[in-house]
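Participant: Pasting the relevant annotations from TrEMBL:
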- A:130-427: domain 'NADH:quinone oxidoreductase/Mrp antiporter transmembrane' (DOMAIN)
- A:6-25: transmembrane segment (TRANSMEM)
- A:32-53: transmembrane segment (TRANSMEM)
- A:73-103: transmembrane segment (TRANSMEM)
- A:163-187: transmembrane segment (TRANSMEM)
- A:237-261: transmembrane segment (TRANSMEM)
- A:281-300: transmembrane segment (TRANSMEM)
- A:307-326: transmembrane segment (TRANSMEM)
- A:332-352: transmembrane segment (TRANSMEM)
- A:387-407: transmembrane segment (TRANSMEM)
- A:413-430: transmembrane segment (TRANSMEM)
- A:442-463: transmembrane segment (TRANSMEM)
- A:483-504: transmembrane segment (TRANSMEM)
Amino acid sequence: MTGWSHHLIIAPVLLPLAAGALLMLYDERRQFLKATINLASTFALVVISIRLAEVADTSATSVYLLGNWPAPLGIVLVLDRLSALMLVLTSFLASAALVFALARWHKAGAHFHTLFQFLLMGLNGAFLTGDLFNLFVFFEVMLAASYGLVLHGSGPLRVKAGLHYIAINLAASFLFLIGVSLIYGVTGTLNMADLAVRISGLAAGDRILLEIGAAVLGVAFLVKAGMWPLSNWLPNAYSVAAAPVAAVFALLSKVGIYVLLRLSLLVFGAHAGSSADFGSGLLIVGGMATIAFGMIGVIASQALGRLASYSVLVSSGTLLAAIGMSDAGVTAGALFYLVSSTITVGALFLLIELIERGQNPAADILAVTAEAFGDGDEEAVEEQVGVAFPGTLAILGVCFAICGLLLAGLPPLSGFIGKFALLAAVLTPAAGTDGGILSAAWLYTALLILSGLAALLSMLRFGIRTFWAPIEVVVPRVSLREIVPVVLLLLLTLGLTIQGGPVMRYMQATASSLHSPQQYVDGVLGAPRVQPQGAKAE
Amino acid sequence: MNGDVLLILIVVLPFVGSVLAATFRPNARNSEAWLAGGVALACLILAAIAYPAIVEHGAIRSESEWLPTLGLNFTLRMDGFAWLFSVLVSGFGFLVVLYARYYMSPHDPVPRFFAFLLAFMGAMLGMVISGNLVLLVIFWELTSIFSFLLIGYWHHNAGARDGARMALTITGIGGLGLLVGVLLIGHIVGSYDLDRVLAAGDQIREHDLYVPALILILLGTLTKSAQFPFHFWLPNAMAAPTPVSAYLHSATMVKAGVFLMARLWPVLSGTPEWFWIVGFAGMASLLVGAFFAIFQHDLKGLLAYSTISHLGLITMLLSLGSPLGAVAAIFHMINHATFKASLFMAAGIIDHETGTRDMRRLGGLFRYMPITATLAMVASAAMAGVPLLNGFLSKEMFFAEAIETHAKSVLDTSAPYVAVLASAFAVTYSLRFIHTVFFGPKPTGLERQPHEPPFWMRFPIQFLVLACLVVGTIPALTVGPFLHTAVISVLGPNTPFYSLAVWHGFTLPLLMSAVALVAGVVLYLLLNGYLNRSEAGPPFIRRLQAQRIFERVLVVLSWKWARSIEARLGTRRLQPQLRLLVVAAFIAALLPISLDDLSLTSLRISEIDAVFVLIWVSGICCAVSAAYQAKYHRLAALILLGGAGLSTCITFAWFSAPDLALTQLLVEIVTTVLLLLGLRWLPKRIEEEGPKTVSLGTRFRRVRDFGIAVAAGGGVGVLAFVAMTSPVPLETVASYYLEKAYVEGGGKNVVNVILVDFRGFDTLGEVSVLAVVALTVFALLRRFRPAADSIAVPDQQRMQNDFDEAEPDRKVGDTIADYLLVPAVIMQWAFPVIIVLATYLFLRGHDLPGGGFVAGIAMAAAFILQYMAAGTRWVEERLRILPVSWIGLGLLLAALTGMGAWLFGYPFLTTYSQYVELPTVGATPLATALLFDLGVLGIVVGATVLMLIALAHQSTRGLRSARVATEAEQEEA
C-alpha cells in the first residue's frame, strides 16, 4: 500500500475517534443526527475493515509508523491477517448491535453514541497496535467506554453489576501496568516485535523478571478473557447489560484472547529460549476449567441472559485451551471457532431481549422508560411502535433454534464447523510425536462435546418453555430494525458455513504466520520511514 | 443425466421443497401435498435413473470442494446399498405424503409439517448417499433435529414436548459420540472419505484407537436405532402425528443406526468387541422390545416396541460378523419398513376414525372397515413371520444364522433360544393387535361411528401390503436383484451364496418358526384376560421406566448439581472476586521464580539519603493509614491518600523530573477536591450494633485477608526494588528519546516531546480515556439520586442555619457567607490569574516543565475554585460552561493536527517545528505539536469540569429530593 491508501490502516482508530468527538458537539436532543453519524461511521468501518482484510491477505505485514518515528522507538500499528480478521468481526458485530440499539435502546441514557464510537476506537486500536503500552492505552479506551455502556440504561441491577465490573477491571488494569513496567524495565522496549527479538538474549535473572512481568500481564488478560476463577464478574455484568451492549461485549472478552494469542506466539514462540511456550500449560488447564465452569453455568442458568453469558465463558475456555496447545492446526480451528462463537453469542444477546420482551412486557419498558422518572430536564421517551408482523414468534423461534444449533455445535452451521476443525486438529498429533493422542487432547475433546451437549439441553429447555409451552402467549412487539440485525448475524454464520473453504484457508494462513512470527518481526523492525520530499527512500 | 448433477439434485430438491413449503398459506393442504409428493416422486425417479449406472460401475460419485484442508468435502456416493435406502426413503416419503394429506386436519398449520417432513427427507437422503463420514454425521444430526421438530409438531401436548426433547437429547448425545468416533476413524485412516475408510478395514481393526472409536460410533448407531439401553425414547416419540411415526420412527430414521452399522460392517465387524457390544444390545432389544410390546395398550406403543425388537433383530444379525448375517440384516431392513409402515398407517386410520388408540376401548372394527382390517391383518402376519409374507423370509434367514456358531460364548449359545422366544412374543403381540382391534364386541363410548377411510388414504397401505405379499411369495423375481446389488456393495467379494426361495425343505429354522407360531398363539390365549385388565407396561417392572430415570437424571444434573456447583465455584460478591484476583496475580508472579537464579542487589547504606527515606516513610505511613481508615473515616482516608500522593510528587522532583512533579501535584489537588465533593453523597456507614465480639470465622478471614494484602503488596515492593536496582538495559528507547528530542522533535523538554511527539498517539488515547470517563461519570450521575440517609443537611450546616434563623436580623446562609467572605473574594479574583498561569504553562511546555495537560488541570482548578467560592447556581448564572463541547473540540483539534501530516505525505502525528520571532514575546517555539497540545488542554479542562459539574449538581438535586420527601411527609400527616 502506498500513498493515501496507506493511511487506511489507521482509519479504524481515527474514524471512530473523530465521529465520537463530533458527536459530543451535538446536544442530546438531536438524536437523529447523532444516530446518523454513528451509523455512518460504523458502516464505513465495515467497508474499511473488509478492504484491510483483503490487503492483509495479499501482502505481507503492513506497518504504520506513527509520527514517522522508526519502529522500536515510536509507536507502530501493524496490520496482519489476525488483526484484520478481528477488525472485520468487530465492525460486523458492532453494526448489528447499533442498528438494533437504534430501535429504542440508544435513548435509554446519555451519550450512548459517543461511548459506542469510543468503544470501537478502543477495540480497533487494541487489535492494530504493535506496542505494549499503546495496547494498554487502547485497553483503557475500550474499558472506559465499556464502563459507560454497561451502566447504560441504569437501574439498580445494572449499576450494582456495573460497578463490580468497573472495580474488577480497574484492578486488572493495575496488573497490566505492573506487567508492562516490569517488561520495559528489563528489556528497555515496548515494541512487541522488538521484545520478541530481545527476549532470546536476556540474562537468567532478567528473564525471571520478564516472566514475572508477563505472568502479571497475563493475569490481566485472563481477567478480561474470563478465565475461571477470575471470571465471576462476567456473567453478572453481561447478563444485566442492555442487549446491544451485551452483544458488543461478546467481542470484548475476545480482546483478552486476541492479546494472549498474539503475545504468546510472538514473544514466547520457539525462539524465546527457555521461555518458549511460557504459561501454555496453565492456559490449557485454566481453559479447560473455564469450559467446565461455563458448561455448569449454562446448565444451571435460570434466565436466558445468564445462559448467554456463560456461553461466553465456554467460548473463552475453548479458545484459551486451544491457545495453550500452540499448534498451528488447532489455532486455525480456534480462529474459526472464535468468529463463529462471537457472532452466535452476539446474536443471542440481541435475540434474548426480543424474546423476553414477549414474556414480560413490563420489564423492559421499565428499563427503557426509567428516563421518565428522571428530572424535567430529561427528554420524554418517544413511544416506538414496532411493526408487529404476524410471523414474529415464528421468526424469533427460528432464530432461537439456529442459535441453539450454533451454541451446541450441531450441524449444519458454523458452530459445527468450528468445533469440527478444533477437534480434527486436536486429535491429529503434530508431526514428530509417536502418533498417540495426549490425555489433554482427550479431555479437551470430551469437554468440547459435553459443553455442546450442555448448551443443547439448556437451549432446549428454554426453547420449549418459551415457544412450545408458554404460560400465556404474548407476541412481542418487535420492530424490523431489531430483528433484521439478528437475522443478518445468523446469515453470516450461514455464509461462514457455505464459504467454509475460503474462510478456513484464511484462518490457516493466519495461524501459520502466527506460528512463524519472523515475518511479523522483520516487517515491523524493517518498516521504512517516509523520507523528506526530494530525498530518496531507503 | 450426469451422475454428479443427479446426486446433488437428490439431496438438494427436498430442501428446496422444504423452503417452498414453508411459504404456503396455513390451510394449503392440497398444494402442500402436491409439492411434497412431487419432490418425493422426483427423488424416486432420479434414483431409478441412477440404477443402471450403479449396477454397471458399482457406485456413482460426486465431489465438490467444501473444506478441503480439513478433509471435509461435499462428497456424495451412491452404491447399491445407498441406492436401496434412497428408494426406501423417497418411496416411503411419497406414500407418507399421500397419507398425510388425508390424515392431517384441515385446521392444522400444515406448511410447517410438510416443510419439516421434506427437510427430513433431504437430510435422510443426504445421510445415505454421503461419501464422506463427516458429511454423513452432519446429515445424521439433521435427521435428529427434524425428528425433534416433527415429534413436537403438536407442541401443545405435554407428551409431544417431552417426547421430542427426549428423542433429541438421546439421539443428540449419540450423534456427538458418533462425531468423535468418526474423527478417530479419520485419525486412523487419514481421511474421512468413505471409499478410503472402507478400504482400510484391517488398519482400523488393528489400531490402538479401534475400541474407543467403535464404542463412540456404536453410541451413535445404537441411540439412533433405539437399541437397548437407549430404546426408551422411541415409544415416547409416538406423540408425533402418525405419518411421522410411520415414516421416521419405523421406516427410515430409526434405520439410520443399522444402516451405518451395515455401512461400516466390513470395517468394524468381526472383532470380539463388536460381537459383544452389538450382539448384547441387539439381543436385549430383540427380547425386551418384543416382551414390552405385548403389554402395551396404545396401538402405536405396541408398534414402537415391536420396532425396537425388529431393529434388535437386525442389530443382532449384524453383530455376528458373518456375511450371511449381513445379507439377512439388509433384507430385513426392507421387510420391516414395509410391514411396519403399513401397520402404523393402519393404526393412524383407526385412531382417526375412532378417536382412540387404546386397545382396551377398541374392538370389532372389522365390521366397519373390512378392507383396512384385512390389510392390517396381512401386515401383522408379516410382522409375526407367517409364511408367504416377506417377514417370514428374513426371519428364516435369522434363525438359520442364530443356529450357526460364530464365537463360542454365552451370547452365541443362547441365540437360537432367544430368537425363538422373541419370535413367539412377536406372534403374541401381532395377534393381540389384530384380535383386540378388529374382532370381538363392538367398541363402546366412541365419539363417532367409524368407517372406511378415503381410498387415497388407504392406498399407501394397500400398496405396501401388496409388496409384503409379492416379496413373500416370489422374492427372487421382485426384490432379489435389487437386494443383490445392495449386498454386493456392502460385502464386495465376500458376498456369500444365499437363496431367497420361500421353501428350503424341512429344516431346523422351519421347525423354529413353527414352534414360535404355536407358542405365540398359546401365550396370547393365556395372557388375553390379564392384558385387558392390567395397566400398561409389563408386570413387575412396570414402575421401572427408563424414561422416568432419564428425566430424574436430567433434573438432578441440571437443577440440583449444576446449581450447587455453580454457587460453590462462582460468586456474585465483589470482595471474593478481588481477593481471587490478587491471589491469582501473586501466584502467577511466584511461578517463574526459581531461587537460584534470583539475585537481589545488596543495598549499600551509604547511598541512602536520610531525607529521602523520611519522605518515603511518611508516604508509606499515609498510604497504610489511608487503607486502614478507608472503612471508618472516609475523610481522613482521603486526606491521607493525598499525603501519599504528595510524597510521590516530591520523589519525582527529587529525581529531577519537574514536569512529572508538577503534573502529579495538580492531579493530586484536583482529584482530592473532586473526591471530597463526592464524599458528601456516599451513604452512611452502617454502625455496628451491640457489643463488639468478633467471631472466630471473622477473625480468621481478617487475618487471612491481611496476610494476602501484605504478601501481595510486599511482592510488588520487592519486584519494584529489583527492577529499579538491576542494571539498565544497554540500548533503551529512553536514551534515544534524550538524543533526538531537540534534534528531531524540536523541544528541550523531553517529557513533553515524548508526550506530544514520540508517543503522541498514546497521549491521544489517554485523553480519549479521560473524555470517556468524564462522559461516563456524567451519564451515571445524571440519574443518580442521593441515598435517603445522605439527603439530610449536615450538622454543621444545620447549626449555622439555626443560628441564622434565631437572630432576627440574619437570613439563612449569612453565617457561611460571612466566614467565607475573604476566601471567596480571593478565589474569585484568582480566576483570571490562574487562567494566565495556565496559558503560561501551556506555551512554555515544549521546552520547559508545562504543557497542555498541566495547563488544562490548572485551568480546571480555576473553575473548581469558582464553584467552591460562590456555589453552583451563582457560577452557572454567570458563566456559560459547555464542557462536553470543549472535549469534543479538543479531540477534533488533536486528531486534525495529526491528520495534517497527511497533506505532506507523512504518517499521522508527524510533527513540524520551528521558532518564530514574535514581537515583544521573542523567539517562540512553534511546533505543530503545540496545536495538538491545545487539543489536549481542551479535553482536560472539559473533562475535569464536566465531572465537577456532575458532582456539583448533586447538591441542587439533593435539596430537591429532600424537599419532595418532606412534602410527602407533610401530606401524609
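Each residue's number is its place along the chain shown, starting with 1.
Placement of Cβ uses the backbone N, Cα and C atoms for every residue, glycine included.
TrEMBL entries are annotated by machine, without manual review.
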Participant: Grab the same-chain neighbours of the transmembrane segment (A:237-261) for me: Cβ-Cβ under 8 Å, and only residues 6 or more beyond its ends, written as numbers and ranges.
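Facilitator: Distant Cβ neighbours of the transmembrane segment (A:237-261) are 82, 86, 89-90, 93-94, 96-98, 100-101, 105, 108, 116, 119, 123, 126-127, 135, 139, 142, 146, 149-150, 152-153, 157-158, 161-162, 164-165, 218, 221-226, 283, 303, 305-306, 308-309, 312, 315-316, 319-320, 323, 331, 334, 338, 342, 345-347, 349-350, 352-353, 367, 514.
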Participant: If we skip the immediate neighbours and take only residues 6+ beyond the ends of the transmembrane segment (A:6-25), which ones have a Cβ under 8 Å from one of its Cβ atoms?
Facilitator: 34, 37-38, 40-41, 44-45, 48-49, 51-52, 55, 62, 64, 66, 77, 79, 87, 91, 111, 113-114, 117-118, 120-121, 124-125, 127-128, 138
Participant: Can you tell me which of A:73-103, A:281-300, A:332-352 gets the most C-beta pairs within less than 8 Å of the transmembrane segment (A:442-463)?
Facilitator: A:281-300
Participant: Ranking A:163-187, A:307-326, A:332-352, A:387-407, A:483-504 by the number of C-beta pairs under 8 Å to the transmembrane segment (A:281-300), which range is first?
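Facilitator: Stretch with maximum Cβ contacts: A:307-326.
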Participant: Using Cβ distances below 8 Å and needing 3 or more such pairs, separated by at least 6 in sequence, tell me whether the transmembrane segment (A:483-504) contacts the transmembrane segment (A:307-326).
Facilitator: no
Participant: Sort out for me which stretch, of A:307-326, A:332-352, A:387-407, has the most Cβ pairs below 8 angstroms to the transmembrane segment (A:73-103).
Facilitator: A:332-352
